[in-house]
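One structure below.
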There are 2 protein chains.
Amino acid sequence: QGTRDNPPAHTALRDRLLAAVVTCFKRHGAAAIDTPVLELRETLMGKYGEQAKLIYELQDQGGELLALRYDLTVPFARYLAMNKITNIKRYHIAKVYRRDNPATTRGRYREFYQCDFDIAGQFDPMIPDAECLKIVHEILSDLQLGDFLIKVNDRRILNGVFAVCGIPESKFISTCSTIDKLDKMPWEEVRSEMVGEKGLSPEAADRIGEYVQLHGGLDLIERLLQDPKLSQNKLAKEGLGDMKLLFEYLTLFGIAGKISFDLSLARGLDYYTGVIYEAVLLQQENDHVEEPVSVGSVAGGGRYDGLVGMFDPKGRKVPCVGVSIGIERIFSILEERMKASGEKVRTTETQVLVATPHKHLLAARLKLISELWDAGIKAEMLYKKDPKLLKQLQYCEDTGIPLAAIVGEQELTDGVVKLRDVTTREEVRM
Amino acid sequence: QGTRDNPPAHTALRDRLLAAVVTCFKRHGAAAIDTPVLELRETLMGKYGEQAKLIYELQDQGGELLALRYDLTVPFARYLAMNKITNIKRYHIAKVYRRDNPATTRGRYREFYQCDFDIAGQFDPMIPDAECLKIVHEILSDLQLGDFLIKVNDRRILNGVFAVCGIPESKFISTCSTIDKLDKMPWEEVRSEMVGEKGLSPEAADRIGEYVQLHGGLDLIERLLQDPKLSQNKLAKEGLGDMKLLFEYLTLFGIAGKISFDLSLARGLDYYTGVIYEAVLLQQENDHVEEPVSVGSVAGGGRYDGLVGMFDPKGRKVPCVGVSIGIERIFSILEERMKASGEKVRTTETQVLVATPHKHLLAARLKLISELWDAGIKAEMLYKKDPKLLKQLQYCEDTGIPLAAIVGEQELTDGVVKLRDVTTREEVRM
């Protein structure tokens, strides 16, 4: 339940997507690592808050208590701490497991791929952070998914906002998770959840509302740096200073136009400590719509400077920043688009079918196909002793093989092969 | 326990190996499929005989009872039956799980990759079977693993031998598993296991011994086809006829020289119904050794015509033949070889490091690297505002980056870049 077999057409499209992502990760000098799908249960416990109940646990069959990994970030942090690695740029593409009741119709499953790129190490501020955003920009552009927007914020700015609005620190995280709903519900509903469920005062909620509905660019950062209350808060000031630096770097990268500093972005996970970001595709319903509609997040990430320290016996921290590409959502978008356009993915790459026009020529086919394979040519033949030529050509059309190499008695005598273009039906002897 | 993290150097070597295997599978026109790592427990039960105790089971957290896949063949058969597919050529490369106590020093782990290629469908005899052997031959040649031998046999021939030696049919499978030890122990020990543990008569064991110690080529097949006892057995005759056909096809493929018809090959799994094979690497201890020594199996497979029917409600059979490449063993062999030769794998593919010779040039680096990335060039820079040139060049040497693109004040003014070959130290302005 909640999983699926991936037939050739799915796998071919997914492999193409993954290849594009890997190409980008390698372009940025990342090395690949791989960790087991099994983790000790205790490694995963206390890292995912309430979501921990979605972790798949293995039966106790003697030995260690195990679970299936829930994401790739916690195993990465464990890997760094265990091996005392303080400096690495790595990517990891693998499946993770969540005992969820996901909307399988929208391409969400209990088993799904994550594509993570992370930079660990003590570096000058915002340089690796900016690179993560550049990567998101490159991948979404490469995949030609249409217009998109990358929202950025900083946990320190949010915490600063909460502080100057008079929220007690114990309510920061739960307020964050309410704020995070602003992309799905209007401010009025978010406000009433804050006051009703989270127990904030109406005045505090209104003060928060003034901030978290802001979004913009460098101008907004400058304005908030001048904000009489916020500029007095140390954390917020730090966050805003770094945000300004980030926009400088993004301008040098030529991508600031796609970035929106958005104070409503909060992100669910507890472990973020600095900049956070999320990319959304924009759907132009038609040319007359003024505001483009978001069709959901396709990438996200942020800075988590405390996670590795949780696995180190001495609590030594390794600052990390990373991004995860939402390949499954991108897959469903592309799949639907192909369905709509009637485009078909070829599931094989065969270049030529070795065929014979009449009986008793199996030996000739076997010899020829073997020569082609040895020359690195992708070739197939039908597994029949005496297949009809029509059937062989039909197989080419069905599977998209562009060429047929035909050997009959005459060709054998002349020492040639008849090469036929399946679409145009043109033939050359060679 | 029994699993490991794969650091960049491992992952880079494994990715290279897997790419070679995929290239071969695609050359033969196979499509990729992917199935979940989770299977229903009942799907796996009754398929692996005694080995079933090594299956990882998931905790009952409500809902279905699940287990981790034990191999890729049973999920493949389930996939065919569930989707009523009667005809496919597919490959599947993925990890499988066995709660074993494997010899991790020899590269065997509880989580390991399998690389499977299978052809399902009703075809003329031995044509797909011969292609599986051609694939093994191509992969082992491509990987330059040294000399190898592919042993072939047929379950029907073995069963025929057992029958004419007077073994009751109920003891065929257990006799098979004893025969399978002939590559690790001498005939005398195998014989005493047959008589002692398996309860065969000494005469029957001796009669079997005369057959299973035979190995050869077409000549041996012809000889056994004339064998007064064996030629009277229907199954053996069928198997020998097909074996002859197989050798004909392998001769046309030009690979018969590496194939040995070996009556001691039995293979452990119950589900094989026809031809079986196993590839072993041969180690020439030194030039004077007469018989080359086997260093273990690196590929294996065979025909299993009954497995899909076990998953079909009406028992409809789909004939299948396939091969599994033992990528983990090949990996350990290559890894040891590289250790011995001191060769290092590059873990990244970065072509150029963007560097600056003095301070206050971060903006220039960010602009240049962004241009390089956008042009598809694999480029890195150090995440420091003002790194020393020496440190930057040192980083190139440490990680194998061949080029450094250097921009200083002078280059900025002149609108050029200084491109430095890290090894030769030659520089060109461009």
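The chain as shown is numbered from 1 upward.
The backbone N, Cα and C atoms fix where each Cβ goes, and this holds for glycine too.
Note that the coordinates shown come from a computational prediction; the quantities given were computed from them, not determined experimentally.
Annotated L-histidine binding in TrEMBL involves B:Asp71, B:Leu72, B:Thr73, B:Gln114, B:Asp118, B:Arg267, B:Tyr271, B:Tyr272 plus, out of the candidates B:Arg41, B:Arg98, B:Arg223, the residue B:Arg98. Of the listed binding-site residues B:Thr73, B:Gln114, the Cβ environment within 10 Å is emptiest of other Cβ atoms at B:Gln114. Long-range Cβ proximity for B:Asp71 (L-histidine binding site), meaning a same-chain Cβ under 8 A and a gap of 6 or more residues, is found for B:Tyr48, B:Val96, B:Gln114, B:Ser324. Sequence-distant contacts of B:Tyr272 (L-histidine binding site), defined as residues of its own chain at least six apart whose C-beta falls under 8 angstroms from its C-beta, comprise B:Arg155, B:Gly302, B:Arg303, B:Tyr304. Maximum C-alpha to C-alpha distance over the listed L-histidine-binding residues B:Asp71, B:Leu72, B:Thr73, B:Arg98, B:Gln114, B:Asp118, B:Arg267, B:Tyr271, B:Tyr272 is 22 Å.
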